[in-house]
Amino acid sequence: MRKWIIILTGVATLALVNWTITQRENQITNGKVARLELAPVDPRSLMQGDYMALRFQLSNEVQRAITEKKEDAQDGHLVAKPDANGITRYVRLHAGESLAPDEFLLRYRVRDHQVKFATNAWFFQEGHAKIYEGARYGEFRVSPAGEMLLVAMLGKDREKLGPALPSTP
Amino acid sequence: MANARDEILEWAQQGHIPPEHMRSALEKSGALPDESQWRTFFDKVLLSMGAVLLGAGVIFFFAYNWQDLGRFAKFALVQAPILAGLAVVWKLGIDGAPGKAALITITLLVGALLALVGQTYQTGADTFELFAVWALAILPWTLAARFPALWLIWLALVNVAIGLYFNTTGRMLGMAFRPDKLMWVLFGFNTIALAVWEGLAAAGVTWLRERWAMRVMAVASGYLATSLAMHDILDSPRGFPGGLIAWFAWMVVSFCVYRYVVKDLFVLAGGLLSLILVVVTAILKETRFDSAAVFLVIGLIVIGISAAGGWWLKQVASEEESA
């Protein structure tokens with residue numbers, strides 16, 4: 001009996017993990033594309049050997065909107081919209097209202113007084129820093145709930161830099 | 001507990017056993033392990049080392065081949081040994097040593113798998129979530145396995161999760177992070193865990209009767225109680241001395257329990273250490289570290305408490321032997 005509890009919950013754990021993996025894979029292939037413009041960062045702290053620190057323009061706009069509200073900064077969603085070049089632009093903070101057809105949600109977290117979209121770092125193979133030096137945009141795939149996954153870095157003409165990550169097997 | 005070895009050593013000290021007969025006395029009394037005991041010992045050591053090294057081997061293998069493995073290969077590489085471990089549990093059951101070793105290994109691998117998924121798909125989830133999910137995933141195993149070591153791993157995971165959670169939310173709300181709040185929560189958690197464990201063991205749950213596990217928890221709980229008392233003395237001398245009160249209560253209760261109910265010299269000795277630390281902290285705070293004489297006094301106090309404590313512990317120990 002106890003043995004079976006262990007085996008069944010073990011298999012259930014693996015099943016749940018694999019279900020999560022398929023959800024994420026699904027988001028990477030079918031999620032809505034969001035291209036966020038990078039904000040300039042102090043170049044000395046930009047490249048860290050095997051990753052590059054990221055800061056997006058949108059963070060500043062969210063930061064400003066939160067400061068105007070004069071509330072404690074908390075996690076939330078913002079409403080975004082692509083511009084003519086396909087770059088995602090800030091519209092407003094989301095307060096539960098329904099969206100126009102071209103608008104979509106992005107989830108942000110506030111950590112260490114900074115607005116963060118999914119991740120603050122782009123990881124690459126050590127020695128590949130040169131490839132990403134000219135990065136101007138980060139490309140995300142977004143779920144309907146606004147959950148974001150960073151999938152690629154783009155150059156100034158919105159071309160993909162380096163091997164697409166997470167690299168396909 | 002009063003074992004033959006101590007008794008024989010005492011007789012030898014008093015000259016009742018001549019040195020040339022020491023060895024045979026120890027062998028005859030069973031104080032020296034015989035062949036089969038050695039074999040069981042080696043079996044256990046090799047099994048647990050094998051289990052740990054196997055887990056480490058899997059992790060190092062994919063760390064080393066990180067670039068050459070696709071992400072699905074990595075997932076498979078961690079999941080396959082988890083399935084193999086479950087198969088071991090299926091074939092050999094959970095009460096024997098191999099089943100338990102397999103369970104420890106796959107417990108660690110579940111953590112590795114969760115970390116790998118989190119690393120591959122960076123959703124921005126906080127680190128405490130990893131430890132919380134890990135603890136949640138192994139909770140059914142912990143409940144079913146009747147295995148103290150697994151409970152300790154579970155308690156450690158919950159401790160880490162609580163610590164990271166406070167770290168994240170403390171900063172998130174933009175308030176000054178108050179370390180004593182975290183210490184209070186961890187003190188409460190570990191003390192309750194210890195009390196429940198001791199209670200169940202006393203109530204007749206025999207597989208919980210592993211003194212070493214309870215000692216680990218007593219160290220955690222006592223360490224936090226001592227830290228709270230020291231925090232009160234050093235950082236908020238004018239505030240409500242909640243930490244000092246908690247520490248004092250902890251000392252009184254654990255003295256009563258480990259002196260008269262369970263009798264555990266290890267914990268009693270830890271209590272003495274805690275007493276020394278708190279007394280010395282209080283003196284240093286009062287005198288503001290300002291004269292050499294203070295250090296002489298402190299030295300004497302430390303010597304005094306340790307000597308008296310050592311004598312007292314010996315007293316308690318011999319009482320145990322004659323009992």
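Residue numbering: from 1, along the chain as shown.
Placement of Cβ uses the backbone N, Cα and C atoms for every residue, glycine included.
Annotation comment: TrEMBL describes B:10-151 as domain 'DUF2157'. Taken from TrEMBL, the feature transmembrane segment applies to B:45-65, B:72-90, B:102-121, B:151-170, B:182-200, B:242-260, B:266-284, B:291-313.
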Restricted to the domain 'DUF2157' (B:10-151), the mean pLDDT of the model is 87
Does the transmembrane segment (B:45-65) make contact with the transmembrane segment (B:291-313) through 3 or more Cβ pairs under 8 Å, each pair 6 or more apart in sequence? no
Counting only residues 6+ away from its ends, which parts of the chain sit with a Cβ under 8 Å from the transmembrane segment (B:151-170)? 104, 107, 111, 126-128, 131-132, 134-135, 138-139, 142, 177-178, 181-182, 185-186, 189-190, 193, 197, 213, 216-217, 220
Between the transmembrane segment (B:266-284) and the transmembrane segment (B:242-260), do 3 or more CB pairs sit under 8 angstroms, pairs being 6 or more residues apart? yes
At a C-beta cut-off of under 8 Å, are there same-chain residues at least 6 beyond the transmembrane segment (B:266-284) that contact it? List them, or none. 211, 215, 218-219, 222, 225-226, 229-230, 233-234, 247, 251, 254-255, 258-259, 294, 297-298, 301-302, 305-306, 309, 313, 316
Other parts of the chain folded back onto the transmembrane segment (B:291-313), taken as Cβ under 8 Å at six or more residues beyond its ends: 265, 268-269, 272, 275-276, 279-280, 283-284
Under the DSSP assignment, what numbers of helix, strand and coil residues are found in the domain 'DUF2157' (B:10-151)? 113 helix, 0 strand, 29 coil
